[in-house]
């Protein structure tokens, strides 16, 4: 607010003494409130200065110097606190995400290779699945004990709601391992790329959920591609095929139980997966003993060591360790990216596993079979795109673990 200055009929010199006149600077910086306060303290005449009216200068004739009145804005010397990412920070973030993705894919490829090597020499998928869960559980217990990772705060209610999730997780994990013990790794992953179709169909017919038309249309290439790959698979095995299909179905129900039971739980994705592995280990161990048993394991172990040598032990350890590590890195990447980006990354992961397994194991593949795999994977990518609006409403932290794409991690 600026005060107005206008001439008056009375003399300015009669109101202000000479000493006051000499104190007027060449450039007058003033605030109306301060001047009124000074005038009150020096008992100025009310006719000259009014508290109710703007400041008046009676006459400018007695001024010997030029008086310049300026308005000054508030001090803007302090920087504004605006969180703007500089190009260097954006590049560093992209590099970090790229490292997460590369590490995730590499660990997953290594796991699948060693897992297949173990199953080729030691065809006991129940024990192999148990060892994978046991290794991951042990690694997380050590991490909590040494405070490398913060232990989750859980209660009895948490474990009760986790139980049905662990049952479905156990079935899906064992079924996938059984599948890879009977068919090529590439074929198992081609069939597992059909998980979104199982998710939509189960949610539609069992849960009563509805989806937009583009979602249903995106399932057509998934189903068609998987069917084309299955009928043209040279080493087709019904047990391996059914194992992959059961794994898909089990992981869909695991996802449903997770969303229904774990809603509102403040447990990070990595710790939630650790707890899930521990409970699945408890569930799976007695069934592994009943289905296969120590006698079969002992005989199979001796046979594997005699054929492969001491490297077989390393294979078992490697497949168990890498199984946990690639899952752990995948959850770490969830803190840095959106669910949609993660889903696309998971699709690329399947491609890398399929290609690597074909190269390493010299898997024979026909052009029609490769076409079916490409169509199915492309359908999975389309499914991710048409769900873009759904994913954008989800958080980017690891608590997104309970969302729909949770089923594609394993």
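For all residues, glycine too, the Cβ spot is worked out from N, Cα and C.
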Stated TrEMBL location of transmembrane segment, expressed as one of 43-60, 61-78, 79-96, 97-114: 97-114
269-291, 384-406 - the one TrEMBL records as transmembrane segment: 269-291
Transmembrane segment according to TrEMBL, located in which of 126-145, 146-165: 126-145
Residues flagged as transmembrane segment in TrEMBL, choosing from 213-232, 333-352: 213-232
Contact between the transmembrane segment (213-232) and the transmembrane segment (353-383) (3 or more Cβ pairs under 8 Å, separation 6+): yes
Two-stretch contact, the transmembrane segment (353-383) and the transmembrane segment (126-145), at least three Cβ pairs under 8 Å: no
Rounded mean pLDDT for the residues that make up the domain 'Sugar phosphate transporter' (95-384): 87
